[in-house]
Each structure stands twice: as structure tokens, then as C-alpha cells.
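In TrEMBL this protein carries:
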| type | residues | note |
| --- | --- | --- |
| DOMAIN | 18-150 | domain 'EamA' |
| DOMAIN | 160-307 | domain 'EamA' |
| TRANSMEM | 17-37 | transmembrane segment |
| TRANSMEM | 49-67 | transmembrane segment |
| TRANSMEM | 105-127 | transmembrane segment |
| TRANSMEM | 134-154 | transmembrane segment |
| TRANSMEM | 160-178 | transmembrane segment |
| TRANSMEM | 190-209 | transmembrane segment |
| TRANSMEM | 233-257 | transmembrane segment |
| TRANSMEM | 269-287 | transmembrane segment |
| TRANSMEM | 293-311 | transmembrane segment |
Amino acid sequence: MSTIPTSADDAQQNRPLAGILFLVLACTVFPVQDVIIKSLSDTFAVHQIVFLRGVFALPLVAVIAHFDGGLRPFRIGPFFLQMARVTSAFSSYLFYYMALATLGMAETASITFSTPIFVTVFAMFFLGEKIGAFRWFAVILGLTGVVVIVQPGAGVFDPAAVLALLAAVTYAMSLILTRKIGNRAKGGSMTLFTLFVFVIYGGLLGLLFSNVEGSSPHPSFAFLYRAWIWPELWHWFLFAGLGCIAAIGFFSLAQAYRLAEASVVTPFEYTYLPWAILWGFLIFGTLPDMNTWIGLVMIVGAGLLIVFREASKGRKLVVRRGLGIMRQR
């Protein structure tokens, strides 16, 4: 789940090929991050991983921001609105990786790619946008795809699927809050602030669960309840790698949406999915079942319908910021 927000005052150029390449780079490195975190999920707590990833990523992102235009003035907009946005994003991050501890990479990603559907619905309630028949069709199509994957009421249902859905819902809310903040914040300032708060939240959860005895037999909840442990030497290299991936991914996302219109580059966010399927098979020996394939096609189709409809109508919520799915990582 990435955390790069963009603001209206971030300069945008018109270099579509460069923007696409940067987005594809981000969608290539973030699945590697997911592989590492899933591999660590039976040893470390999710909040410890969030904390250590942030510790390594913060200085790297600060250096990149310094050479990419600087951080002055440091502007995050209304503090309480910003904290609500970061808290929603952190919740999404937590839900996503808790789900990933149990589900396959492709299945988790497929469900969370329903984010644009919830952005569309929330925009109606919180931003006063009107949803026409075309976008309602996309919403219904995408939600049907989620139901096909999750299979509520079936014997194969896993509560981790609900966590993946909550990741999509909470991240959609963070995108709505980003829209409300608008040009009162700078993209680079918001990114550093988000990473910093993630580290604080991870540390607070570590303190909370250090005094909680016992664990859950379910892998997703054990990933949350587990107390911190001291990493071995090779673990430190993995955490440093997570920090580097975060920095590269954040920079690539920022460049992608700075260099090209979101309506051009956003469809390439879906290049994450082939990598998720490939790594899931090579590392964990899992492949999507037929229900996941069918639901995935429906969700991706709904997301693309929303993007192209937004672009044709000139709306800013998706056209400026894209789907926001990769920013979730």
C-alpha cells in the first residue's frame, strides 16, 4: 500500500511515455514488497514491519524530495483533516497486509482494486457528485466482481477477504479526504508526513500489543496480535530493502502523475496484477481460482469504465489523481 498523495499545485508536464514508464516501474517494485511482507508475516507483527519500513524509507524519501524540488514550504494543509486522511490510509495498509497474510497475492490485490468503485460512491455522499447510469453500472459490475471473489455464504469463505475489502473502503476514504485537502498541501510534504505518522502508529500498536497475551489461530489476526521480536541480521537487510522499495515506488508514482495526465497513466496501475500472479505462483505456489479470475475481470473492467468516464466528463477526482491503488502500498 503506497502513500504518495498529489496536490493541485504540483506541476504537471505532458510526457506520457515517461509517465507510463514510471508507473510501470512502481507497479513492478511494489509486488516485491508484498512478497517480502507476506514472507515475514509468520514471524513479525504487521505494525513492526510498518515501523521498520518507515524508519528506513523516511531518510531516503527526504533525500529524493530534496533533490526533486525541495520541501519548502512544508505544507500539509488542515491538520485534523490531514490526520483523518493518514489514519484512513494507515488502516487500509494494515487491513491489506493482514489479508495478505492469509490470502494469495492475486486474490488480495483483486479485491483491493475495487477502490475506485468506493471512491465513486463516497464522492456522491461527501463531495456532492452526481452519479449517472453509466457509473452506477460500473459500481454494480465491480461490486458483483467482489462478491464473486469473496463468495459470502460459501464454505470457502475466509474472513481475510473482508479485511481486503476494508482495505479498499478505507483507502477510498483517504482519497476523498485528499480531494478535500486539495491545493492546501504539497505532495512532497504530505508524503513525508504520512510516512512519519505511519512510523508513530506502528510504534504505538507495538506498545499496545506488547502487553497482550496469547494469539489468534487465524494468520491474519496473529499478524496483528503478535508482539515485537528482535530481527536477525538477514531480517535487517529485508527491512532495509522494504525501505528502498518504498522510496523508489513513491518517487516513481509521484513522477508518473506529474509527467502525464492521470487518464493516460492510470490504466497501467493494473500492470501490478500480472506481477502479483507471477510472484504468488513462483514464491508461494498459488494461482487464482476460476472465481478470482472472473471477479478480477469484472473489477478491472469497472475500474477502467470509471476512469474513462471521468476523463470524458473532465472530472478531477480520478482524472487528476488516478485510481490511487498503488498509493495504497
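Using the three backbone atoms N, Cα and C, a Cβ is placed for every residue, glycine included.
Secondary structure counts, DSSP: the domain 'EamA' (160-307) has 123 helix, 0 strand, 25 coil. The DSSP breakdown of the domain 'EamA' (18-150) into helical (H, G, I), extended (E, B) and coil residues amounts to 105 helix, 0 strand, 28 coil. Only residues 6 or more beyond the boundaries of the transmembrane segment (105-127), in the same chain, are considered here, and those with a CB under 8 A from a CB of the stretch are 31, 34-35, 38, 96, 99, 135, 138-139, 142-143, 145-146, 149-150, 160-161, 164-165, 167-169, 171-173, 175-176, 179-180, 270, 272-273, 276-277, 279-280, 284, 286-288, 292, 295-296, 299-300, 302-303, 306-307, 317-318, 323-325, 328.
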